[in-house]
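J.: As annotated by Swiss-Prot, region 'Disordered' applies to 92-402. Feature annotation from Swiss-Prot assigns compositional bias 'Low complexity' to 104-116, 131-151, 223-243, 281-290, 318-342. Look at Swiss-Prot and you will find 158-201, 244-264, 358-368, 386-398 tagged as compositional bias 'Basic and acidic residues'. Sequence annotations record features per position, and here Swiss-Prot assigns domain 'tr-type G' to 490-659. According to Swiss-Prot, the GTP binding site annotation covers 499-506, 545-549, 599-602. For 499-506, the entry in Swiss-Prot reads region 'G1'. The feature region 'G2' is assigned by Swiss-Prot to 524-528. If you look up Swiss-Prot, you'll see 545-548 marked as region 'G3', on the strength of similarity to another entry. Marked as region 'G4' by Swiss-Prot on the basis of similarity to another entry: 599-602.
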Amino acid sequence: MSSNTVAEFATELKKSPATLLDQLKAAGVGKAALSDALTESDKQRLLAYLQASHGTTSVDRKKITLVKKSTSEIKQADATGKARTIQVEVRKKRTFVKRDDAQEGAADGAGSAAFAEPEHPAPAAQHDVPEAPAEQAQADAAPAADGAAPALSSEDQELARREEQARHQAELIRRQEAELAAKRAAREAREKREREAEERAAAYAAQEAEKKAAASAVKQVATREQAAEATARNAAQLQARAKAAAESKARSDEEAARAADLDARRRKAEAEAAAIRSMLATPKKAVMVAKKPEPPPKPVPKPAAAAGDAKKGTLHKPAVGATRTAAGAARAGAAAGAPGAGKEVKSAKLSSSWAGDPAKKKEIKTRGDSSGGVGRNNWRGGPRGRRGDSRDQRDEHLQAAPAETRIIEVHVPETITVAEVAHKMSIKASEVIKALMKMGQMVTINQPLDQDTAMIVVEELGHKAVVAALDDPEAFADDDVAQQSIEVLPRAPVVTVMGHVDHGKTSLLDYIRRAKVAASEAGGITQHIGAYHVQTPRGMVSFLDTPGHEAFTAMRARGAQATDIVILVVAADDGVMPQTREAIKHAKAAGVPIVVAITKADKPDANLDRVKQELIGEQVVPEDYGGDSPFVAVSSKTGQGIDALLEHVLLQADVMELKAPVDALAKGLVIEAQLDKGRGPVATVLVQSGTLKVGDVVLAGQTFGRVRAMLDENGRPAKTAGPSIPVEIQGLTEVPQAGDEFMVLTDERRAREIATYRAGRFRNTKLAKQQAAKLEHVFADMTAGEVKMLPIIVKADVQGSQEALAQSLLKLSTDEVKVQLVYAAVGAISESDINLAIASKAVVIGFNVRADAGARKLAEGNGVALHYYSIIYDAVDELRVAMSGMLAPEQREEIIGTAEIRTVFTASKIGTVAGSYITSGMVHRNARFRLLRANVVVHTGEVDSIKRLKDDVREVKEGFECGIKLKNYSDILEGDQLEFFDIKQIARTL
């Protein structure tokens, strides 16, 4: 087949068309495109060019070699039975030889050309030398030119390919058999080695048994010798331990002596430094002398110089006589030409930090001094011929040894003033200010510095800065309270009244105090912790009245922690209730004794035995039954059993022997806290030890302050408060947390540092918890459905009520509606609270507080809802109703009727219509339906329209026939049943 175009010729030659075009152009054949036609003459020119380029000019070729390559795949299973795909590549090479004319004539019945035997095909792993492009072109062009070479038959190709595949398969099988044989031989060798190892182990075990049997006799003999050696060795060890203990004691004594020596040297150096500072602080007077001739100075005796060398390097204040002698020697050494030499010169042995700069500091001008006292030792310092004095003075300064630099380890707290930094380094405050000015900070001597800045300044001045760990406040209190002898005296018991709501706790205290507190409580329930102390014939008793409502769990827990005795109030007509059980748990957790007061004993339906049995079930056993809890039946109206109750309380206190120091710094507990508009932060505290006085520095949690005023429970001013006395204090910087411990410190700066540290630590902990919660719930929030949020802002009158209300509201959260507490604080509602509510779209709740005029106006202008409550029940109930309105309504089905399809007909403009008979109830337009076929629901949809006697109707009742058109559904049959229902939305509640 002759090639007519360049592309066909390139395909026939199995060459790149671009390469063929380049070769054609080089051969002088002008072909520019692949579609250009090629003639036989063009092919001859290309062949001649290629032969010439490869060094062959003979056109007469006697032999042509054809190379053909084919690729195939075979699948063969290996030894494991897994099928493997093998790539097989077959290469064939055939050579065609052109015979001479004589040979053609001699050939008998032979063809015009004969081909040699095909060479063995090379497998894919062998590499054949590729034919040159010119030879390929010649191989393709020669048959075209001569027309005598026969084409390679396809049958021969297939036969050769199959032979090659068979050969490869046979080789693969032989290789696999060899591998299997090698593995089998290796396994047999391994098994043989294992058997030999087992035999050797058995032989070794037998030998060992024989050796052990032989050695057992030897061991019996050696045991006695070993016992003797052990006894001697133990004695040697005891001697070595005694020697080591003696050496250790000697070393410890030596270290103690060294430490004492260092301490003595340090105290001596500090005393010398203090003496020098006092000397330098004393103003000096210039010595004015008349200029008169003096005899030349005499050389200083050697013993004096030796004495001076002995004191070199130490800070010694010169004696008065020595100072005068030195001054006289200076005056004697200065001649008439050295004016001003009579001035008292500062000692060169002082520290360099106290030495003035002679080039900048002006000296006092004396008689005959024309230099103005400046640079008396420079080139203008005196007349000619007197340079020896300056040289002598310069030599004296050079010979004086510099003061030894002492590196101080400075402990830097959280905040420290400039003066304190200088004091810790024993330098002037001006040096610290100068160093800070070099760092770009303008500070004053009393300005506080942060820890990082102070440490940098200390390092800049050549000392070592160490972060001072903030001491434990308890350690501070112990340091302040610890005295040589603190006398402990008996104190009054602190009694907490606990029990269920409406069981008569406050009424019982009212009768004891002869007051009427219960009548003034909102709703008749206690919502704050009340603290009182009462004088009885047998002594004083302090009472804590805790709320009984379930929301005030934290208040009851604080009351149990601060108390000595718990009075458990149980109503005789009500028995043990949930808050009664909770109070018992708090008392047992605090480890305080319980005195049971069964109130309302005068009521007709009182059942004391039932109350006792219920309390026994809560592990509170009365004394009558062999327990340790006295039971007293009381009545707050008639006073029945009140004296017996107090008698039991005081008897229990006597048994406990309650004592506390009186003449000491006060410690106690914050019972309640609030923010008063006129008085500021106010805290009700219970003094547990020591005496609290007006003017004391108080540290309570994260707040501190100086006590400005104290009031007792009746509102009267008080100057002091001893142990077990509750008082109300003013003067704190912020409202403390209820339940915090308070203590009195002697240093206000220390109290400020501790409060600041606690606030920062609390803030960091809170932020860390919030971040952890965000990271923990981020995926849950992404996967969960949309949850409705109800943001609220809570402002209350006291800390305990705010805490209780916030916790109660947060407990109302569900999976669908959550309460988001934006802000909760103590005090009146301010404009900042309203602005926060506007930004967060929150509801503002005021508990026993009101909004000021500016806040009310701002709330009305921006539509912020303000809700005021005085009873915690009302706040919780109203918020529960609001959250119920945010819940998605419940979808509920209500069946309204059924119908039977008796006929089915089709209208041209309407479609399929079900002729139905209403068997029960009724059906109306747009009602929902279920299609039942053989009592199986096959479709649920909506009624499109209803017709009766060709008229559209809204509804059809039981016993009537009608035509019903179903919306988007027409697969209905006679005998089907239709069940009609409506979906009603039912409001949900929490």
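Positions of Cβ are set from backbone N, Cα and C atoms, glycine also.
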J.: Mean pLDDT over the region 'G3' (545-548): what is the value?
T.: 63
J.: Could you tally the C-beta atoms, other than its own, that fall within 10 angstroms of the C-beta of Lys505 (GTP binding site)?
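T.: If we count other Cβ atoms within 10 Å of Lys505 (GTP binding site), we arrive at 30.
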J.: Using DSSP, how many residues in the compositional bias 'Basic and acidic residues' (244-264) fall into helix, strand and coil?
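T.: Helix, strand, coil within the compositional bias 'Basic and acidic residues' (244-264): 21 helix, 0 strand, 0 coil.
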J.: With DSSP as the reference, give the number of residues of the region 'G4' (599-602) in helix, strand and coil.
T.: 0 helix, 1 strand, 3 coil
J.: Please count the residues of the compositional bias 'Low complexity' (223-243) that DSSP assigns to helix (H, G, I), strand (E, B) and coil.
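T.: Computed counts for the compositional bias 'Low complexity' (223-243) are 21 helix, 0 strand, 0 coil.
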J.: Report the same-chain neighbours of Ala601 (GTP binding site): residues 6+ apart in sequence with Cβ closer than 8 Å to its Cβ, ordered by sequence.
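T.: In sequence order, the residues whose Cβ lies under 8 Å from that of Ala601 (GTP binding site) (at least 6 apart) are Ala572, Leu608, Ala633, Val634, Ser635, Gln640, Gly641.
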J.: Just checking, which of Gly499, Asp502, Thr546 (binding-site residues) has the fewest C-beta atoms within 10 Å of its C-beta?
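T.: Per-residue Cβ counts within 10 Å for the binding-site residues Gly499, Asp502, Thr546 bottom out at Asp502.
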